[in-house]
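Enquirer: First the structure, which I've put down as structure tokens, then a few questions once you've had a look.
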Amino acid sequence: MEKGRQSVSLVKNSIYKGLLNIFNLIVPIVTIPYIYRVLSPEAMGNFEYANTLFCYFNLCGALGIYTYGIREISRIRDGSEKVNEIYSSLFSIGIFSNLFVCGIFVALAFGVFHDTPLFRLMLVFSLSIIANIFYTEWINEAFEDFRFITIKTAIIRLLYVAAIFLVIKTPDDLWKYAALIVVSNFLNYICSFIYSKRYTHFKLLSIRFSRYDLQKYLPALFFILILKNSNMFYTVLDRIMLGSFEGSQSVAYYSVGQRIMEMIRALLITITYVSLPRLSYYLSNDVSLYRDNLQKLVRVGFLLSLPLSVGLCLLGKDIVTLFAGEQYLAAVYPLSVFAVRIVTLLIENITATQILFLHNREKIVVIINIVWGIGNLVCNYFLFRWGVLSPMTAILSTLCMEFGVLVTEFYYIKRYLHIQVLIFCKQTLRYFFFALLFVPVTYGIKHYSTNEWLSFALSIISCIMLYSLCLHLSKDEIFQTIVQKVKNIVVSPFMLRS
């Protein structure tokens, strides 16, 4: 009976988590095109630059508390006293780290950006660092309370969307846009903080700062901070250098391409998170099954990412126009590089998470990212010195460095873990060839269609149908498995009713 309840709970949590992921994808699709059209490229460039600086400081203030808290609370959630002890310690460290980082951030705003358009934005964002103190969603997630997380997040995000369309009307409303983000974050954090009281009897008046807690938790928190935020060395660094040396518009054009790519990547990256527990189990119990499923995961990654990458390159102009407007057409070429990055990032996520992380080689991942991240910094510096730093060259530099990360990880995996991951196999080349068939299809539709948006829609539909047909005719094993699982999901409810 208990097992049945657990199964139902897992199913419900999976549904809530899936709904939350879909909702978090829809919100930016609805709001960001409106924001980009109301606010000018220069205004959005200032916003993205200030937001990039904020992200750096916010990550440092948060440390790795979220990930560490989920891992530790999940292990001992049946012991209320231990849960309370860890929660109290991490919350206390969060107060100290966020206030300390906020002080530095505000000092930077007054000292460096006082006479710039970024000053007011940075002061607004500093409030979000303080609000970060109450970001204790990790305890709700550790107790798998995804129902609350989903409902709460959906309500607050809907209010945020409504406020965007009611408040943001002119290019002068940039700081209001930043304020709405901060307010929505604060509401999200404070609701989670209040709700988390059901899992702990922690009280604000009982806060204590212990040297023992700092010595015990800080090393692990710093390590997780770097492990989970390697993008600090790449795209975040690119935006800061572009904002510092090339101006706010360059940051805006760079960020448009990145936002579009991240929305697509968020869907693809789900397959790696879903497969993590199963691969972890196989690694502990049946290594041959682990390796077989690992290779299947790599094939799934290429099957999905290659057509998306090619399609994004071919339809980049239409997508940028639809997403941000014609004033951001300078983002088309950076977007084409971001499209290639979809493939490399997905495979790198598999090598880092499903292989190195599961083999307890987290330190190797951190070292590799730091080394190539420094390489990206040096490369961007020379691009600036040579007068060729731009959104296009910055993302090209990042792509090259991330490719270096991937090659280094592959070398380590083959040399020290003795795992052979097949990349350039006939299946991968077949997927790439099928995706290249999109080129004549899209150009043919654009040539004969007089309506720009009709040709855009027809291109997407035609390419999906063509790719699926090619996979079906080639009797691709992975594609057939995916189709069968989708059929089972759709048909099962009706079978149960009958």
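A Cβ is built for glycine as well, from the same backbone N, Cα and C atoms used for every other residue.
Sharing the record's features from TrEMBL:
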- 20-37: transmembrane segment (TRANSMEM)
- 49-69: transmembrane segment (TRANSMEM)
- 90-112: transmembrane segment (TRANSMEM)
- 118-136: transmembrane segment (TRANSMEM)
- 148-168: transmembrane segment (TRANSMEM)
- 174-196: transmembrane segment (TRANSMEM)
- 217-236: transmembrane segment (TRANSMEM)
- 328-352: transmembrane segment (TRANSMEM)
- 364-383: transmembrane segment (TRANSMEM)
- 389-408: transmembrane segment (TRANSMEM)
- 429-448: transmembrane segment (TRANSMEM)
- 454-473: transmembrane segment (TRANSMEM)
Enquirer: Out of 49-69, 118-136, 148-168, 389-408, which stretch touches the transmembrane segment (328-352) the most, going by CB pairs under 8 Å?
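Expert: The stretch with the most contacts is 389-408.
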Enquirer: Determine which recorded stretch among 49-69, 148-168, 454-473 has the most C-beta pairs below 8 angstroms with the transmembrane segment (20-37).
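Expert: Of the candidates 49-69, 148-168, 454-473, 148-168 scores highest.
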Enquirer: Which bits of the chain, at least 6 residues beyond where the transmembrane segment (148-168) starts or stops, bring a Cβ under 8 A of a Cβ in it?
Expert: 16-17, 19-20, 23-24, 27, 30-31, 34-35, 38-39, 137, 140-141, 176-177, 180-181, 184, 187-188, 191-192, 195
Enquirer: Which range wins on Cβ pairs under 8 Å with the transmembrane segment (90-112): 49-69, 389-408, 429-448?
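Expert: Between the candidates 49-69, 389-408, 429-448, the best contact partner of the transmembrane segment (90-112) is 49-69.
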Enquirer: Given a Cβ distance threshold of under 8 angstroms, which distant residues of the chain, six or more beyond its ends, lie next to the transmembrane segment (49-69)?
Expert: 86-87, 90, 93-94, 97-98, 100-102, 104-105, 108, 118, 121-122, 125-126, 128-129, 132, 135-139, 142, 178, 217-218, 220-225, 227-229, 232, 236, 239-240, 243, 248, 251
Enquirer: Do any residues, 6 or more residues outside the transmembrane segment (429-448), come within under 8 Å Cβ-to-Cβ of it, and if so which ones?
Expert: 302-303, 306-307, 309-311, 314-315, 455, 458-459, 462-463, 466-467, 470-471, 474, 476
